[in-house]
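Enquirer: Okay, these came from Swiss-Prot:
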DISULFID  Cys42-Cys110  disulfide bond
DOMAIN    22-114  domain 'Ig-like'
CARBOHYD  Asn37  N-linked glycosylation site
SIGNAL    1-21  signal peptide
Amino acid sequence: MSNQVLCCVVLCLLGANTVDGGITQSPKYLFRKEGQNVTLSCEQNLNHDAMYWYRQDPGQGLRLIYYSQIVNDFQKGDIAEGYSVSREKKESFPLTVTSAQKNPTAFYLCASSI
């Protein structure tokens, strides 16, 4: 491999890791005991007004749990039962999975938009 090509590959890979803004969801993995409430964190530094929480069960598509267009206001999505949210800051939209939620395996996704 020539030095020019190697240099380009290294610079491209370094550039791919540079991010000015983003959305962070935590924890990455979570195991919950039956009857236990747990809270998933969602933080964004993109200055987006709208934030969303989705759930995906194995073999299914994404389903909207809750969404928020502005601070201190949020609406239920298609499957809000067994969940609660708050939106005290523009940057944050935590989701609490309550003990009423029975299905043990799911993928949760937080998103934001302008």
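Even glycines carry a Cβ here, placed using N, Cα and C.
I'm curious about the neighbourhood of these features; can you describe it?
Expert: In this structure, Cys42 (disulfide bond) is part of a beta strand by DSSP.
Per DSSP, the secondary structure of the domain 'Ig-like' (22-114) breaks down as 0 helix, 45 strand, 48 coil.
Asn37 (N-linked glycosylation site) is surrounded by 12 other CB atoms, counting those within 10 A of its CB over all protein chains shown.
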Enquirer: Whole-number answer please: how many Å between the C-alpha atoms of Cys110 (disulfide bond) and Asn37 (N-linked glycosylation site)?
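Expert: Cα-Cα distance, Cys110 (disulfide bond) to Asn37 (N-linked glycosylation site): 18 Å.
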Enquirer: Near Cys42 (disulfide bond), which residues of its own chain have a C-beta under 8 A away, given they sit six or more steps off in sequence?
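Expert: Listed in sequence order, they are Ile23, Thr24, Gln25, Met51, Trp53, Ser92, Phe93, Pro94, Leu95, Cys110.
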